[in-house]
Amino acid sequence: MPLLWLRGFLLASCWIIVRSSPTPGSEGHSAAPDCPSCALATLPKDVPNSQPEMVEAVKKHILNMLHLKKRPDVTQPVPKAALLNAIRKLHVGKVGENGYVEIEDDIGRRAEMNELMEQTSEIITFAESGTARKTLHFEISKEGSDLSVVERAEIWLFLKVPKANRTRSKVTIRLFQQQKHLQGSLDAGEEAEEVGLKGEKSEMLISEKVVDARKSTWHIFPVSSCIQRLLDQGKSSLDIRIACEQCQETGASLVLLGKKKKKEEEGEGKKRDGEGGAGGDEEKEQSHRPFLMLQARQSEDHPHRRRRRGLECDGKVNICCKKQFFVSFKDIGWNDWIIAPSGYHANYCEGECPSHIAGTSGSSLSFHSTVINHYRMRGHSPFANLKSCCVPTKLRPMSMLYYDDGQNIIKKDIQNMIVEECGCS
């Protein structure tokens, strides 16, 4: 959090420095509060008068983040045709029909992916023995009950092959989902292979794979669509039948040892085609137990997934909020050396932080802030004199494409450049 605040304070501080420079009529302004971000709330609300100062602060901020003392001197710009051709060839950006360059914001996409991964749960469910031979039962964890969007789902099966096998190099393994249906409830148009069982059950082919039968190894069967349908129906139980017609010919066997399988059932399986986990030590067989690997997340509209966002300043609230501010590089005369993007979202935080919202959920992401505020409200030293500040609580990166002094084209990814949310420290 200190690094987060530092980046956020930098832009705010630049504005404060510019604002505090001696100007006619400035003597009447009162001293700034204890923290720079809080001072933003005391600045004049007339945007036209404040804009030039804010633009100067933005310029200083961008140069500082690019480690430049001054803007590059582009005296002889690269011809437009050569520039656009280089961008196309190097894949550092996209050139629109109007000739404008749109930068490939790789870092922004990575940040979105990282945020998405943080919200994704990974669940591994080991198989239990099904009600019949060559069947497996998976009971998805209660953790999965709040998940509705399947990112990936795979069933892992271990194929054991005898060393002497040379008869066949490939075998086909099929996975069928077993479903119970009421009489007449089965849809005739389902895109799957279905076999009626006493009019009460059906089987749907959910995965099929041709595998190498010359070595013992794990094989992965994708079942994302099947699990997605299961979650959409509000179910958590999955019954699978495994079929491998050529396995008996090769002597290969799929280890289908579930955690409810009894020893007498194991012995019976050894006498048949070996698909029930024939041969080998029981402990070793257990290490090859089938499992389901599921990666899933909550949907965008899930009520528990929505977290409170920081307030947007709309002119009607005085408490801590995010102020939108966009600076066009063309308007400030910087489009001659900054190729892309077309401008900078110089958002900043402003507003008051009353004690009743400081450190509360949604206004700050810091547990530390909540604890400090708890003691501050009760007048406990040394926290009694500390004041809560309106600061950035979420920042996002920005990619820039620009010329340096040597007419070289630079693409730089800058972390924590744009304020996304604000809260009270």
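Placement of Cβ uses the backbone N, Cα and C atoms for every residue, glycine included.
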Query raised in the report: Cys320 pairs with which of Cys244, Cys247, Cys390 in a disulfide, per Swiss-Prot?
Result: Cys390
Query - Per Swiss-Prot, the disulfide partner of Cys353, chosen from Cys313, Cys422, Cys424 - result: Cys424
Query raised in the report: Which of Cys349, Cys389 is the other half of the disulfide bond that Swiss-Prot records for Cys422?
Result: Cys349
**Report entry** Residue with minimal Cβ packing [other Cβ atoms within 10 Å] among the disulfide-bonded residues Cys320, Cys353, Cys422
**Finding:** Cys353
Query - Residue, out of the disulfide-bonded residues Cys321, Cys390, Cys424, whose Cβ gathers the largest set of other Cβ atoms within 10 Å - result: Cys390
Report task. Indicate the candidate from Cys313, Cys349 with the smallest number of other Cβ atoms within 10 Å of its Cβ, considering only these disulfide-bonded residues. Result -> Cys313
Query raised in the report: Could you give the Cα-Cα distance between Cys424 (disulfide bond) and Cys390 (disulfide bond), in whole Å?
Result: 5
